[in-house]
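The transmembrane segment annotation in TrEMBL covers B:33-56, B:68-94, B:114-135, B:155-181, B:188-206, B:244-273, B:312-334, B:340-362, B:401-423, B:429-449, B:470-490, B:496-518.
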Amino acid sequence: MLKIEGLTKVYGDKKAVDNLDLHIQKGEIYGFIGHNGAGKTTTIKACCGILDFDQGNIYVDGINIKKDPLGCKSKIAYIPDNPDLYNFMTGIQYLNFIADIFQISKEIRKERIEKYAQMFEIQKDLASYISTYSHGMKQKLAIISALVHDPKLIIMDEPFVGLDPKASFQLKNLMKEMCLKGSSIFFSTHVLEVAEKLCDKVAIIKNGKRIVSGTMEQVKGDTSLEEVFLELEE
Amino acid sequence: MLKVLLKKQLLESFSFLFFDHKKGKAKSKGEKIGFGFLMVFVCLIMALAIGIYAGLMVSTFKGLKINWFYYCIMSLVSIILGVFGSVFSTYASLYLPKDNELMLSLPIPKKDLILSRLTGVYVMGFIYMALAYIPSMIIGQIGFGFTVSSFICQIVLMMTLSFLVLALSTLLGWIVALISVRLKNKSLIVVFLSLGFIGIYYYFYFKLVSGFQNLLVKVMSLAVSFKDKGYILYVLGKAADGNYVYTGILLLLSILCTIVVYALVTIGFDRLLMMNKGQKRKEYNVKSIKQSSISKTLLKKEWLRFYSSPTYMLNSGIGSVFTVLLIGVCILQKDTILELLVFLPDASMLLIVSMTIIGFVATSNMISAPSVSLEGKNVWIVQTCPVKEIDILKAKFNLHFLFTIIPLLILDGVLAWLLSFSILETLFIFVYSLLIVTFSDLDGLYLGLKFPNMEWTNETAVVKQGMAPFVALFGNWIVVVVIAGLYFLLRKSISAYVYAGIISILLLICILCLRAWIFKKGAEIFRHL
């Protein structure tokens with residue numbers, strides 16, 4: 001579903017991402033782990049088509065992001081770490097906006113908005129302006145807007161930051177549910193316990209380079225993901 | 001505790017002297033000195049302007065022996081200046097300052113917090129009031145002759161009036177704060193209030209001289225009327241003229257007012273501070289789920305952005321307000337306008353004059369110019385959506401175009417009717433309107449893409465101080481002036497029709513070039529913002 005080949009991104013004379021290869025299969029939850037400034041967000045933004053890169057290729061469902069960015073974007077949902085949403089819109093206006101962009105029919109969007117808004121307990125706030133939302137509520141709205149068009153690939157940057165325990169639990173369940181339906185999820189996180197429990201595969205990145213990747217069992221073996229990560233970071 | 005809070009309050013009130021809030025950093029030594037000089041200069045100019053009017057009044061009032069009336073008027077002017085100068089700082093520093101939550105979470109006695117904030121309001125009100133009061137009292141002392149009693153009374157009255165200013169400003173600020181937390185369509189109301197304020201300002205500005213002359217002519221009857229119907233005003237004037245008893249009464253009254261206001265603020269302070277700043281939570285309605293086309297939804301997004309911000313509306317949409325006003329003037333003042341037209345050196349100039357007027361109001365709108373930068377940190381949303389960059393830019397273009405052209409076409413019709421234009425002339429102004437709006441819209445977009453600023457924290461930085469709107473506005477005005485000026489120079493060798501035709505063709509060429517650039521390079525720039 002997502003194939004990253006030799007991705008390289010240079011800022012000035014610093015390589016933020018250095019010849020990175022990753023392959024996320026259909027129906028997989030793929031965790032992306034690394035220290036601050038390791039190149040996670042740069043990789044994620046390149047995959048979403050909002051950051052140009054210097055070398056390599058990115059394919060979403062077989063489509064090259066440089067050659068057909070719109071084709072790729074129509075299959076992706078992106079949830080950034082800090083959801084800067086349109087403060088001048090109400091929650092429902094924002095969801096309608098995203099649904100319109102993805103040309104979701106009225107009936108389907110109504111059903112999905114109802115379902116997810118109820119699940120994340122944000123239904124009563126949808127008529128309020130986003131400017132009045134807390135960080136967690138914005139995060140929930142960003143998640144609902146990502147799910148409203150039923151994407152094949154969900155790319156998330158630190159999705160659990162700011163979510164309350166119940167919403168966090170719901171999101172984890174949703175991630176599993178989406179993958180069972182055939183979608184793939186690629187997300188970065190610092191919460192290693194979550195990654196360990198949730199991910200089918202994981203990649204650890206350091207200074208822009210992938211230092212280890214594979215199934216969870218392959219990466220952590222008999223130890224914990226935290227121990228592996230700390231050991232590799234040293 | 002109070003001392004610490006007072007220090008913080010005064011530091012905050014005068015932080016503009018040494019801290020650049022737009023850049024978010026301290027001013028350099030040179031900037032501080034320059035700004036200090038500028039402030040002194042502005043104060044001196046203001047004092048001088050008030051002093052000139054005061055001098056004219058003194059010479060008239062002295063002969064009529066109504067010194068008290070002069071002092072009464074000048075004291076009232078000082079109070080008004082003090083109250084209106086400080087009311088918004090009252091709102092921002094007394095009731096709804098940004099540090100409310102921090103202050104409420106600290107173990108600070110409520111009375112100390114209120115007192116420190118009231119002191120800040122008092123100082124601001126005092127400064128504004130003193131700007132008018134001090135020069136007018138000096139002029140009074142010089143004009144009517146110095147007396148110890150009036151001097152002492154005026155010193156005491158300065159304190160008295162400053163307490164009155166504090167009380168009035170506190171009450172008005174309370175009303176502003178209450179309205180602010182309860183308003184629903186805040187941005188639109190702010191726009192209307194601002195436009196109203198600008199209108200009132202210019203009305204009084206233009207009426208100032210004639211109003212002042214009226215005052216001097218009817219001074220005696222006004223003085224009698226003041227004394228009969230508003231005795232307290234007579235007391236105010238007499239007090240400044242050296243009446244100790246009246247001065248004492250007013251001082252007591254002002255202290256009483258301040259105590260009452262302090263008590264009221266103390267009672268309602270918690271309620272206002274704890275009040276939920278948002279409106280009542282609206283119930284989400286399933287009917288609000290609607291489906292639109294991509295182009296319509298992008299245009300709607302641009303409209304919501306525009307409509308949500310009074311700053312954006314006022315600065316970038318003022319041309320449409322001018323257009324509507326002009327339509328009103330053309331209809332209501334038809335005869336006056338027609339009388340003025342006889343002064344035109346050449347009747348054929350009517351077409352070009354109309355085009356110039358249309359050009360000015362059309363190019364005063366600059367909605368497209370800041371629209372790219374206004375995406376700011378939200379730009380990731382449209383960048384990750386499966387829409388072409390050019391469609392996003394088209395939506396920005398369309399909002400500017402629709403908002404400008406609709407009232408402008410009505411103005412065209414009114415001008416054609418007012419000036420009895422032929423079909424050809426009418427056609428020319430309609431075509432010119434379409435072309436100049438398209439041109440200014442596209443060059444705004446071009447400049448917005450050339451000078452993007454996506455890292456702003458306050459939208460004023462891109463709407464009011466951004467390079468794109470600045471260059472767009474003045475650049476377009478220059479274009480309009482050049483079009484008019486060239487015709488004025490060439491009018492004997494070229495007919496208005498031919499000239500208008502040439503201008504239309506030139507504008508069309510510029511439009512096609514700008515359009516081609518936006519399609520090729522502009523979309524590419526937007527993709528990488």
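Residue 1 is the first one shown; counting continues down the chain.
In case you wondered, yes, glycine gets a Cβ from its N, Cα and C as well.
The highest tally of CB pairs under 8 A with the transmembrane segment (B:470-490), across B:188-206, B:429-449, B:496-518, is held by B:429-449. Between the transmembrane segment (B:68-94) and the transmembrane segment (B:312-334), the number of CB pairs under 8 angstroms, six or more residues apart, is fewer than three, so the stretches are not in contact. Between the transmembrane segment (B:33-56) and the stretches B:114-135, B:155-181, B:188-206, B:244-273, B:312-334, the greatest number of Cβ pairs separated by less than 8 Å involves B:114-135. Among the listed stretches B:114-135, B:155-181, B:188-206, B:244-273, the one sharing the most Cβ pairs under 8 Å with the transmembrane segment (B:312-334) is B:188-206. Long-range contacts of the transmembrane segment (B:114-135) within the same chain: residues 2, 5-6, 8-10, 12-13, 43, 46-48, 50-51, 54, 74-75, 77-79, 81-86, 89-90, 93-94, 97, 158, 161-163, 165-166, 169-170, 173, 262, 265-266, 269, each at least 6 residues beyond the stretch ends and with a Cβ under 8 Å from a Cβ of the stretch. A Cβ distance under 8 Å defines the sequence-distant neighbours of the transmembrane segment (B:244-273), meaning residues of its chain 6+ beyond its ends; these are 94-96, 100, 104, 110-111, 114, 118, 149, 152-153, 156-157, 159-161, 163-164, 166-167, 170-171, 174, 177-178, 181, 235-236, 238.
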